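Novice: Pulled the feature table from TrEMBL, pasting it below:
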- A:278-473: domain 'ABC transmembrane type-1' (DOMAIN)
- A:42-62: transmembrane segment (TRANSMEM)
- A:115-135: transmembrane segment (TRANSMEM)
- A:166-182: transmembrane segment (TRANSMEM)
- A:209-227: transmembrane segment (TRANSMEM)
- A:234-255: transmembrane segment (TRANSMEM)
- A:275-301: transmembrane segment (TRANSMEM)
- A:313-337: transmembrane segment (TRANSMEM)
- A:349-376: transmembrane segment (TRANSMEM)
- A:397-419: transmembrane segment (TRANSMEM)
- A:455-475: transmembrane segment (TRANSMEM)
Amino acid sequence: MSEVHAETVPFVRDTMLPSAAPPARQSGVVLWLRENLFSGPLNILLTLAGLAAVWGIVSHLWPWFAHAVWNASSIGECRQIIAERHGEGTTGACFAIIRERWNQFIFGFYPAEHYWRPTAVFGLMMFAVAPILFSESRRLRWTVLAVSAVTSFAACVALGAPDRVLLAVGAGFVALAALIEYAPRRALAFSVLYPFLAVWMLWGGSIWSPIAVLAGFALALVVWRLGARLGVGLLGLALGVAAAVWWWAALGPRVAADLQGLMPLALVPVESRSFGGFLLALTIGVSGIVMSLPLGIILALARQSNLPVVRTLAVMFIEFIRGVPLITLLFVASILLNYFLPPGTNFDIILRVIIMVTLFAAAYMAEVIRGGLAALPRGQYEGADSLGLTYWQAQRLIILPQALKISIPGIVGTFIGVFKDTTLVTFVGLFDPLKQMADTIRATFAWKGAYWEPYVFTGAIFFILCFAMSRYAMYLERRLKTDHR
Amino acid sequence: MTDLNTQPRPAPAMGSEIAVRIEKLNKWYGSFHVLRDIDLTVRRGERIVIAGPSGSGKSTLIRCINQLEEHQSGRITVDGIELTNDIKNIDKIRSEVGMVFQHFNLFPHLTVLENCTLAPIWVRKIPRREAEETAMHFLREVRIPDQAHKYPGQLSGGQQQRVAIARSLCMKPKIMLFDEPTSALDPEMIKEVLDTMIELAEGGMTMICVTHEMGFAQAVAHRVIFMDQGQIVEENTPQEFFNNPKSDRTKLFLSQILGH
Ligand SMILES: Nc1ncnc2c1ncn2[C@@H]1O[C@H](COP(=O)(O)OP(=O)(O)OP(=O)(O)O)[C@@H](O)[C@H]1O
Ligand SMILES: [Mg+2]
């Protein structure tokens, strides 16, 4: 005001303006169309070209979907029906293959009388993750839980689970719901135990085996804590790991066998080779996703460490894994490991694949998270340090929450990549839903030549799951937005 | 220059105990000799203002006191504990020494209250409820209790800096370090932060402040230290320092910051 208007008459405001409502937003469909699609000659041209392209694609694909046949027992019958209805030579999808063989797309060669097991495992998974993923929004949490509990229970019924199983599953869902509602912190214990329960239900066998494995982790934890109390930090950790390995290798299996003798509690065992379809993709994908995040965080921190040895090892690991195609790692898992392991050891193929997928994803995850760490201003580290927080406290309370928040898009991108990459297990002879499973079905006489339909179906399911992940990421980013920039 | 009540205050009880002792401190960044033979003793309850041209090593010096920067030679003893490479030792000292930064360094993902209770809960192992009571007490002291549940990003610069001061105070520190706490603030907000610091000084806190607020220095400092090129050039009472500077560098510096 001062310099520019120096020569004008002095001005003094004697009444202050009251605050006014903001102007109403201009809206309306026509206005929107004009502004966004037809604002100038070039824009009009592009809009028309776009419309033409969309029309071209839709008009070609539409008949194929519109003529779809859902009820038929073979591809030949499908073609006949389409020819009868729409005339000789028209195209049409034969989704009857999905209707007839959906069970194999979903469960592979999992024994049909046990289909309820993966189904219940899926329902329980939602109870394990919902308290974590939707910790803030009660409504969202219960919507997700209700939908997944009801569908998976209904599916168990439809899949012919025995009555006592239905009773157990139903009671389990209700008990978990109550736990999540009334003791949310306790419910996290179920999230921790869930992987062991899931492994037992999927692969079957004695319940004491997963319990023995769990006991090994507990042993490691106890030794580590004791070490920490005695002030021998890292040594305690090493001793804990050693104790756990000793337990798993030597004592654990014997104890498990004895307990099974005393108190038999077992499910019919299912071979890894009979896993297939989306059951296989989800088993590998979810395990890889859940384990790669913590491993990636540790690698990212190691890469920033002040200790040269730790840093170098992390860099070597990350660069090596990223430099090699996943398929190579899978081949190593399936073939090479056999040469190195002592003969006669039974190292499950799915477990091997999960390990490789986890390592692969963790290397990418580490780089994504490193980006988030680098984006934090140095002042955050200094603020935390100046208050006397220890390194791990600072990481856990100050640095990682912010770095991970920044990295959400990259992390979820990696998750989505991991999930889609599970289809590569086709190269080690596992029945992934996209290729191996579809090929197996196509190899039967009835469905020879049903080419596109399985791809469209599998693609659609992959899309739904990946899209859900990406929507969740957007939700999470909004929820964690506190900077008000 | 901000308009402060600049009458010298009655000399407060300054103990004879030593809070910080720095002897023959030297520090290099690569081959750049940033601190040269610094000797400084700060007694309990004493308030020191460090001034000097940009790049003279003021920040580096006070950041050595809580080991945000490590030094290569010399001894630093804080609250009777000598600073060594031992991490536990350093974390201990940091929990006793509060620091306020030019750019606040609040944690943007936590509310104001959580910012203030975090370190007491995790470092001092104080129960949450008690930590919250202490935090509210200090938020009242800095006159922003009503902002406790907001995020730092929703506050003005001056409010953020006062939160930062409260956050340090919640650890009940024995010594407070300030590194140009007002130089990122608009003039209006400088006063509210300086007022807070003056109140803190009246409470008898041991303070080491890097600042160019000469009014503040005159009001609260027992001693003003002038640094240039990594060395202490002059050390004097505020009256003497401002009215009767001894060294030519000091005179030049004072003429530059006061004389415009
Ligand atoms: N991390 C670093 N690496 C190399 N040189 C540095 C580093 N930090 C500071 N310096 C240099 O050390 C000298 C002293 O820096 P310092 O930040 O202590 O100055 P200062 O007196 O606080 O200045 P200002 O008033 O601008 O804050 C400067 O010349 C600076 O360029
Ligand atoms: Mg500085």
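For all residues, glycine too, the Cβ spot is worked out from N, Cα and C.
Just so you know, TrEMBL annotations are computer predictions that nobody has curated.
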Novice: Which residues, given as numbers and ranges, are at least 6 beyond the ends of the transmembrane segment (A:209-227) yet have a Cβ under 8 Å from it?
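Specialist: Beyond its ends, the transmembrane segment (A:209-227) has Cβ neighbours at 193, 196-197, 199-200, 233, 235-237, 239-241, 243-245, 247-248, 252-253, 255-256, 259.
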Novice: Could you tell me what the rest of the chain brings near the transmembrane segment (A:166-182), counting residues at least six beyond its ends with Cβ under 8 Å?
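Specialist: The answer is 116, 120, 123-124, 127, 130-131, 141, 145, 149, 152-153, 156-157, 190.
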Novice: Which of A:115-135, A:275-301, A:397-419, A:455-475 shares the most C-beta pairs under 8 angstroms with the transmembrane segment (A:349-376)?
Specialist: A:275-301
Novice: What residues in the same chain, six or more past the boundaries of the transmembrane segment (A:397-419), come closer than 8 Å to it by Cβ-Cβ distance?
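Specialist: Beyond its ends, the transmembrane segment (A:397-419) has Cβ neighbours at 281, 285, 288-289, 292-293, 296-297, 357, 360-361, 364-365, 368-369, 371-373, 375-376, 380-381, 383-384, 389, 462, 465-466, 469-470, 472-473, 476-477, 480.
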Novice: Report, as numbers and ranges, every residue of the chain located at least six residues beyond the transmembrane segment (A:455-475) whose Cβ falls under 8 Å of a Cβ in that stretch; write 'none' if there are none.
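Specialist: Tertiary neighbours of the transmembrane segment (A:455-475) are 93, 95, 98, 105, 133, 278, 408-409, 411-412, 415-416, 419-420, 433-434, 438.
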